[in-house]
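Annotated compositional bias 'Basic and acidic residues' per TrEMBL: 12-21, 365-376, in sequence order. The compositional bias 'Acidic residues' annotation in TrEMBL covers 342-353. The domain 'TFIID subunit TAF5 NTD2' annotation in TrEMBL covers 167-295. Annotation comment: TrEMBL describes 1-60, 342-390 as region 'Disordered'. The annotation repeat 'WD' is assigned in TrEMBL to 424-465, 497-532, 539-580, 581-622, 623-656, 665-697.
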Amino acid sequence: MAAVQDAPVEADNEKEIKTETLNDAAGNHASAAGGVIPSPPVASTSSSGPAKAGGPGSEEQQTLMAVLQFLKKNNFVGAVDVLRREAGILEDSDESQGQELAASALGGAEAGDATCTLSRASSCTTSTPAVAAAPAKGARCAVVCVSAGGEDQPDVNVVLSAYSQQGDPALYQGYYSGLKKFVESVLDCHRAELSQLFYPLFVHMYLELVYNNHETEAKAFFEKFSGDQECYYQDDLRVLSGLTKKEHMKGNETLLDFRTSKFVLRISRDSYQLLKRHLQERQNNQIWNIIQEHLYIDIFDGMPRSKSQIDSMSGSLAGEAKREANKAKVFYGLLKEPEIDVPLDDEDEEGENEEGKPKKKKPKKDSMGSKSKKQDPNAPQQNRIPLPELKDSDKLDKIMYMKEATKRIRLGPESLPSICFYTFLNAYQGLTAVDFTDDSSLIAGGFADSTVRVWSVTPKKLRSVKSAADLNLIDKESDDVLERIMDEKSASESKILYGHSGPVYGVSFSPDRNYLLSCSEDGTVRLWSLQTFTCLVGYKGHNYPVWDTQFSPYGYYFISGGHDRVARLWATDHYQPLRMFAGHLADITCTQFHPNSNYVATGSADRTVRLWDILNGNCVRIFTGHKGPIHSLAFSPNGKYLASGATDGRVLLWDIGHGLMIGELKGHTDTVYSLKFSRDGEILASGSMDNTVRLWDSIKAFDDIETDDFTAATGHIHLPENSQELLLGTYMTKSTPVIHLHFTRRNLLLAAGAYNP
């Protein structure tokens, strides 16, 4: 793999160059001050004077010394030492060389470059600069700075200053048209790959024109070429069309996202060589400069990809994921279940039934079943992350679960689940979120009027714990003490929880049914007791609305994500987050824990899904392919696969181990708002704002994938067009969008939504 980071070089001299960026607290990529600074040739250890102006390497040495002087002037001793050590410059020769080179640079013919470097570096107020060491010969070192002016945004002036280097505005249309004609003239096998260049080049050329106050040329450029872009970029282009003046660019989130993250293109080596040869022959430096500065070209050896393969992976805010981003080892297996003896029911103790015939054996659980008796070779160590110990009540619940599992219905194409729909009528408060407990005994709803409401869906009513005075009168040694502490006077079918000061966007029950989480526009996540129906803790870490929160399958931990683009991992007994997962370029709209609780998945409005390792906070998978913000995620019970749904109406299936898309389910006509696998993973249910629930054959979807496909040099497989074969059923509501799905322990499907008259 090679990354295009510098001027055109011959293929045999290409090196793999990794661009490292610094993330600030809000997850935005910090900008590079002074651009990419070329490293000098290996310096001599003698204290001779600088290279003569015009000699080989003189410009690089002048730039390097200018940066050293700037760092020393601001007393960044550590950064100076690192840069001097990497460049091989002696400390005693540094002073004299720096002064002479600065003087010659500012007074000579090369004054422009040194002045530009210094002025751009000084325009960024730095707090903790760091010099990235060059990993190999031919690589570049970059001075990276974090803006001290604002925590949420990188320094706008530095981010936008890259657009100050511009050519003749009248020629921009000619440059773009020339490239377009060239791409249309190449062989079909290369055309699809090179067409990926159009969108990022169009955006950056337009922004250059706007930044340099060429409003008329920018408008003409936009009108002429915006219609040529792929349909899935229309929302971004709509935002871009509003940026017509330089002043509009400052503070625009979409622009800063696009500028601070290199747009990633995956192109075969043959196609890349064609492009490079064309730009060299035409001496089209304007386009080449944009490719250098704003694009990351991930070059692979092998056959070029087809248009359908490219389209299936395109659409995210920053292009495709680099192949190296999905190479990390992921322990997707399940943890070994604790040994618990299940007492036999009365009916099981009877060896024979009424007719005297022996009882039938229970069918064995499917291989995709969620519970593991043996240690899975792909599973993490039991103690990889600390998990809460099982309490006696948890063990009793496990026993109940196992008993229920023996009565579970085996689902498949011939035996589809029954669906029970809970319709919220007269929900004038605005239903925004729903969750069921694992045993399906409680349902909670979050509402736009800032309330959370909890209902019992069994004959058993909701009761609060008695007051402290009454509790003192109870015999604590009695066998039914847990029943005696409940206040029968407070019994009701539902409870309302007050505390948030904005719409509630997410709710999640703890596995033991003792707690409920809710997140809101007010920037807080609240933990509610289901014993007292009061708020226990308000977790304050997000500065903006929190769109989703989810409990871990083992309890104790929970995840939250929102408008600040950072997902936070919490523990119920800590008021500060344990981990902050930064990297998304737009709002985090949904979150989901992996079944083994070692990983968490986040879906975002930047149209990517990321998988994060809880142990170290690293992003271990980046999945691209959706054409709209992602609103639902679901892991298969065996932990091997992930399903995601978005506003584009598609459900995408991902193989976590290989880091590849393995399926695409088409059928919904609106946002897919909820996804859920059946308890043994045979069925995938999807609920949408198009008022339908659809059932898909997940076993067939996963079994149809050939393992040989994963070894493809392109890192991508050809997706079969088999959505209709996998669709097992479509179930419509009268006028109720489906916002939550849940499989009971016996595989009855529960769905919920608010009637929309």
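Keep in mind that glycine also has a Cβ here, set from the backbone N, Cα and C atoms.
According to DSSP, the repeat 'WD' (581-622) comprises 0 helix, 24 strand, 18 coil. Remote same-chain partners of the repeat 'WD' (497-532), defined as residues 6 or more beyond its termini with a Cβ less than 8 Å from a stretch Cβ, comprise 391, 393-394, 397, 430, 432-439, 441-442, 444-454, 464-465, 538-555, 558, 560, 562, 570, 572. The residues of the domain 'TFIID subunit TAF5 NTD2' (167-295), classed with DSSP into helix (H, G, I), strand (E, B) and coil, number 102 helix, 7 strand, 20 coil. With helix defined as DSSP H, G or I and strand as E or B, the repeat 'WD' (665-697) counts 0 helix, 19 strand, 14 coil. Sequence-remote contacts of a segment are chain residues at least 6 beyond its ends whose Cβ falls under 8 Å from one of its Cβ atoms, and for the repeat 'WD' (424-465) they are 397, 400-401, 471, 485-488, 490-509, 511, 513, 516, 518, 520, 522, 528, 530-533, 739-740, 742, 744-745, 748, 750, 752-755. When Cβ-Cβ distances below 8 Å are used as the criterion, the repeat 'WD' (665-697) is approached by residues 365-366, 368-370, 405, 408, 410-413, 416-417, 419, 421, 628, 631-638, 643-647, 649-653, 723-743, 745, 747, 749, 751, 753 of the same chain, each at least six residues removed from its ends.
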